[in-house]
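Heads up: the structure comes next, in structure tokens.
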């Protein structure tokens, strides 16, 4: 197993380039199941979760050719509609093949998901919506067994609560359904906008893209001709490097981003007294004379993303005063707190609210353990300003979602090395 060794207190400067968004790429790869042609995807991030999902496409009978950050996928040869536990257990996003497989073939079996260690994410909302579209669904021996022998039927779907994965699954299912599907209380994330735009550019009639009401006219099980596209930039990776600049209080330019997608993060950095310069496809963080405390509530897009709260918690340890973070979306999403405490942070938990008493220079390097993807990035940020050396173990979590993290950090001046455990 590998770990990261980070020596804190180094000056960072220059610029960093952001990769394609993992959370956009995963549903887009699932979407290729709806295609009749070879599909070219560019700006694909080279991270473990993407490679796992491509393996799943292979297991289903599809094929792909990958070169650096581009992949050509052909799913016309799919002859297996079972997504088995061995792959699904490592990544919850595997559930995204459920909608497209069922819509295309009229039957599929998908193992109940594993992956993230950040609380329950029940797939009930996905299943209820598919049942409203005419599917018969049973859960047997850990598998979702879904059938719709005559194809899925368009329906009015009202999600009880906003669900990103549920919206993605139903958008894809609706693309091949018979008739019109209306999704009410749809998620509005940029990743969902791109999924809808790719389908629309491929001939599927979709209205309401980027709103909470999406209307999709299905093709009646006719496969679609999916045009080539590039994955949008990763707003969470961008936000993480913005926090790297802020926590070290140095100037850093972050290239290949869509600033509109970063509005909530930019707003909170400005509240913390940082100036953020914006260009068409870059943002620059400027240092401040005082890092001010901040109060954050996580919520659905366009609000503050839950995937950024761990990084802002690390940043808040360096603020002059008391910050709060109210996690409204997931339970068990404060597992990084115990590790930040090992570094010397002053953090108190009360249910889903964390109170952080900040003080610049308060952290000291030691051994810590990553517990999930975003928690591990918080530990990296904390290590950048901790006195001495920090060893971050179980960094396979980082590799799930950050492309070449130590390489990018080294290029901007951080002292980061990857080593093997003895």
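Glycine is no exception: its Cβ is also placed from the backbone N, Cα and C atoms.
Quantities reported herein were computed from a predicted structural model and do not represent experimental measurements.
Around residue 22 (phosphoenolpyruvate binding site), a 10 Å sphere centred on its CB holds 25 further CB atoms from the protein chains shown. What Swiss-Prot lists as phosphoenolpyruvate binding site is 22, 23.
Residues near residue 307 (UDP-N-acetyl-alpha-D-glucosamine binding site) in space but far in sequence (CB under 8 A, at least 6 apart, same chain), listed by position: 236, 239, 374. According to Swiss-Prot, the UDP-N-acetyl-alpha-D-glucosamine binding site annotation covers 92, 121, 122, 123, 124, 125, 307, 329.
If you look up Swiss-Prot, you'll see 116 marked as 2-(S-cysteinyl)pyruvic acid O-phosphothioketal.
The active site, proton donor annotation in Swiss-Prot covers 116, and the record cites sequence analysis as its basis.
With a cut-off of 8 Å between CB atoms and residues at least 6 apart in sequence, the same chain places 164, 189, 191, 234, 236 near residue 23 (phosphoenolpyruvate binding site), listed in sequence order. Taking only the Cα positions, the spacing between residue 125 (UDP-N-acetyl-alpha-D-glucosamine binding site) and residue 22 (phosphoenolpyruvate binding site) is 23 angstrom. Residue density at residue 123 (UDP-N-acetyl-alpha-D-glucosamine binding site): 20 other Cβ atoms are found within 10 A of its Cβ, drawing on all protein chains shown.
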